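In what follows, a structure is listed as C-alpha cells, so that the remarks can point back to it.
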Amino acid sequence: MFPIGMHVEIKRSDGRVHGAVIIEVKPEGQYEVEWYEKGETKLKEFSMDELLTLNPTLQTPKPTPVQPPPPQKTLQTSTDNINQSYPQQEVSPSNGNFAFAEMIRNYRAQIDYRPLGMFDSVNENRISVCLRKRPLNTKELTKNEVDVITIPSRDITILHQPQTRVDLTKCLDNQKFRFDYCFDEYGNNELVYRFTAAPLVKTIFENGNATCFAYGQTGTGKTHTMGGDFSGKKQNASKGIYALTARDVFHMLDQPQYRGKYLSVHCAFFEIYGTKTFDLLNERAELVMQLNNLISQWSQ
C-alpha cells in the first residue's frame with residue numbers, strides 16, 4: 001500500500017508520463033493523485049497495478065532469505081528511502097530556451113531524488129526557515145519560460161542559472177541553497193503544515209509563543225499556502241494553514257489534560273497594506289498602531 005504524500009510516476013491517457021503525489025486512498029483500493037498543470041491542480045485515480053507498472057521500485061520487497069546477507073546500515077522508514085526519478089518539464093524544441101531546458105533535464109536525470117514525505121521525521125528547531133516551490137503558471141508557460149528550480153531532497157534547493165561563456169557556448173551555473181525544509185511543487189498543504197505550523201500548536205499548549213508567516217512577492221503562492229488550495233478560481237479554505245492550525249488547536253483543547261484548565265481561544269485578523277492596517281473581523285475597519293506599556297497593540 002502506498003502512503004499519502006508519496007511521489008509517483010503516472011501515465012496520462014495521451015501517453016505522457018510525469019510525476020504526481022498521492023493525496024487519498026479510496027475504500028475500493030484506488031489511489032487519487034494530484035499534480036499541477038498550466039497553473040491548475042489536476043486530479044486522477046489509478047489502481048495499484050497501474051502505479052506499480054510505472055513505479056516498479058515501489059513494489060513490496062521479497063521475503064528475507066533463510067541465509068540473510070551481512071547486516072547493512074539501517075535506513076529510516078520513510079519515502080526518503082525510495083530513489084525516484086525527478087519529474088521533468090516538457091519543453092518544445094521550438095522554444096528559444098530549449099538548449100538550457102535540455103541541460104536542466106540532463107542534470108535532473110542524474111540526481112538522487114528523495115523528496116520530503118509525510119512520514120519523514122520533524123526536526124525540533126526553535127526557528128525553521130522553509131522554502132516552497134510553486135509550479136509555472138499559465139502566463140509563464142504561454143511565454144515559454146523554463147522551470148529553473150530543482151528540489152532533490154528535504155533540505156536542498158538548486159537554482160539553475162543559464163550562462164553564456166565568452167565563446168558564446170551555453171552552460172548552467174547550478175547554485176545550491178540549504179533550508180530546514182524544502183517543498184517541491186507536488187507537495188500539498190497538509191505536507192507543508194506537518195513540518196511548519198503543526199509543531200507550533202504543541203508549543204503554545206506548553207506555554208510558549210509561536211509565529212508562522214509566509215513571505216514572498218505577489219504571485220508566489222502565499223494565499224494558496226495559508227488560505228487553502230485553488231481549483232481554478234475556487235479556493236478550498238479547509239486546506240490552508242489557517243484552517244489546519246485551527247483544527248488542531250480545538251482538537252488539543254478537547255484532550256483530557258487541557259479540559260479542566262478553562263483555556264479559551266481568541267482570534268484577530270488584520271490586513272497590513274502599505275502604511276494602512278485593517279481589522280478583517282470588524283468590517284475591514286481601518287486601525288492605527290499605538291504603544292501601551294512598551295507593548296505594541298492594534299486599536300482604533
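Count begins at 1; order follows the chain as displayed.
A Cβ is built for glycine as well, from the same backbone N, Cα and C atoms used for every other residue.
Note that this is a predicted model, so its numbers are computed, not measured.
According to TrEMBL, the features are:
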type     : residues                                                       : note
REGION   : 55-79                                                          : region 'Disordered'
COMPBIAS : 62-72                                                          : compositional bias 'Pro residues'
DOMAIN   : 126-300                                                        : domain 'Kinesin motor'
BINDING  : Gly216, Gln217, Thr218, Gly219, Thr220, Gly221, Lys222, Thr223 : ATP binding site
Output field, ATP shell: CB within 8 Å of site CB centroid, site Gly216, Gln217, Thr218, Gly219, Thr220, Gly221, Lys222, Thr223 dropped:
Arg134, Ala214
If you average pLDDT over the domain 'Kinesin motor' (126-300), what do you get?
90
So of Thr218, Thr220, Thr223, which of the binding-site residues has the fewest other Cβ atoms within 10 Å around its own Cβ?
Thr218
Within 10 Å of each Cβ, count the other Cβ atoms and name the one among the binding-site residues Gly216, Gly219, Gly221 with the highest count.
Gly221
Lys222 (ATP binding site) CB neighbourhood, other CB atoms within 10 A:
17
What three-state secondary structure does DSSP assign to Thr223 (ATP binding site)?
helix
What does DSSP say about Gly216 (ATP binding site): helix, strand or coil?
coil
Tell me, how many other CB atoms lie within 10 A of the CB of Gln217 (ATP binding site), whichever protein chain they belong to?
6
